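Chemist: Below are the structure tokens for one structure; questions will follow.
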């Protein structure tokens with residue numbers, strides 16, 4: 001006699017069921033229909049207005065109320081209120097705008113990190129650098145519109161110095177303390193290429209300054225601007241070529257070390273908001289930063305006088321610290337997770353992007369606005385950038401990091417900050 005398993009194997013189970021009067025295919029079809037209906041109901045529930053409202057509230061809770069730094073958000077509306085009150089409140093408007101932008105910049109970095117979870121580490125590092133620099137770009141365009149060329153130059157220079165010394169130094173220091181028994185490793189090839197691009201940026205900034213201070217211009221007052229505009233176009237082409245080289249042509253050579261060993265489970269744990277929500281938050285936060293940046297720029301000159309603080313120190317040190325809040329937080333977080341390649345993509349990649357894209361972009365935008373924005377950052381600022389690039393290039397040449405290297409970079413930044421506190425622009429540059 002055949003067992004039930006044998007009958008099922010030979011196909012006789014269907015005949016027995018037919019003899020019993022209960023056709024099994026109908027039962028299977030019925031169960032499949034119920035499953036299909038259940039999945040459709042789940043999709044319909046997810047698309048219902050109530051579900052969308054619930055997802056929106058959850059996103060607001062995560063982005064706005066979950067971060068403790070958002071207790072500083074009310075300073076933004078307070079700065080706008082003080083701006084319209086009678087009396088000399090420029091110093092307070094500047095300080096409150098500065099404090100109010102800080103949590104927005106940090107949340108912009110968070111939204112970028114969430115979007116980077118859906119794009120991969122290489123493009124994620126590029127996104128972090130791009131939206132991390134959105135604050136600097138917005139402030140620069142507002143200052144350029146008001147004819148404050150030196151504020152634009154010094155704030156962008158300060159962003160480069162802050163990223164290369166303070167942000168990278170704090171990341172190396174925190175990562176070294178989190179992993180004290182061994183050096184952390186990163187992709188040396190990518191660091192060398194970024195160092196080369198930074199040296200090229202120094203080259204582009206140095207020649208207009210040398211041309212100006214040696215009085216060797218063919219057409220005084222015009223050759224310097226013309227050279228700056230030509231060099232800016234070349235630097236933009238170089239940066240576009242670098243992006244193609246890194247993301248398309250030689251992508252495998254510049255992928256993070258151990259990228260293939262990272263599990264997808266860790267990436268899923270990091271995803272707290274949906275991709276569409278991350279894009280929406282980037283849009284909203286950028287608009288709010290743009291609004292506050294306008295009031296910040298308007299109050300800079302008055303703040304310098306009321307706070308008795310050099311304008312160069314405010315532009316080079318204070319503005320970039322706020323603008324780099326996003327890079328600072330994300331770089332330290334990735335370093336403590338032993339993801340040094342993403343840390344370098346954020347800190348050094350951000351410096352490269354400012355020097356090779358944002359600065360030339362501002363020169364071109366100023367050209368369109370009729371403002372003579374040039375690459376003559378003055379000798380003091382250009383020399384500071386040149387020495388900084390050399391120091392960081394030497395720190396990165398081994399492809400390893402530890403807390404001592406980070407501590408050295410932080411100390412170097414303190415020297416730079418003290419130098420700009422006692423530095424006053426020459427009269428000729430203030431009249432530009």
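Backbone N, Cα and C atoms are what each Cβ position is placed from, and that goes for glycine too.
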Chemist: Would you mind telling me which of 249-270, 403-424 TrEMBL tags as transmembrane segment?
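Modeler: Result: 403-424 is the stretch TrEMBL calls transmembrane segment.
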Chemist: Who are the long-range neighbours of the transmembrane segment (191-214) in its own chain, taking Cβ under 8 Å and residues 6 or more past its ends?
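Modeler: Here the qualifying positions are 164, 223-224, 227-228, 231-232, 234-235, 238-239, 242, 245-246, 254, 344, 348-349, 351-352, 355-356, 359-360, 374-379, 382, 385-386, 389, 392-393, 396-397, 399.
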Chemist: Six or more residues beyond either end and a Cβ under 8 Å away: which residues meet both conditions relative to the transmembrane segment (375-396)?
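Modeler: Result: 153-154, 157, 160-161, 164-165, 168, 188, 191-192, 195, 198-199, 201-202, 204-209, 211-213, 224, 227-228, 231-232, 316, 344, 348, 359, 363, 405, 408-409, 412, 416, 419, 423, 425-426, 429.
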Chemist: Do the transmembrane segment (278-297) and the transmembrane segment (91-110) share at least 3 Cβ pairs closer than 8 Å, excluding pairs fewer than 6 residues apart in sequence?
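Modeler: Yes, the transmembrane segment (278-297) and the transmembrane segment (91-110) are in contact.
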Chemist: Six or more residues beyond either end and a Cβ under 8 Å away: which residues meet both conditions relative to the transmembrane segment (309-335)?
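Modeler: For the transmembrane segment (309-335), the nonlocal Cβ contacts are 94, 98, 101-103, 105-106, 108-110, 112-113, 128-129, 131-133, 135-136, 139, 150-151, 154-155, 157-159, 161-163, 166-168, 170-172, 174-175, 178, 184, 296, 300-301, 303, 342-343, 346-347, 350, 381, 401, 417, 420-425.
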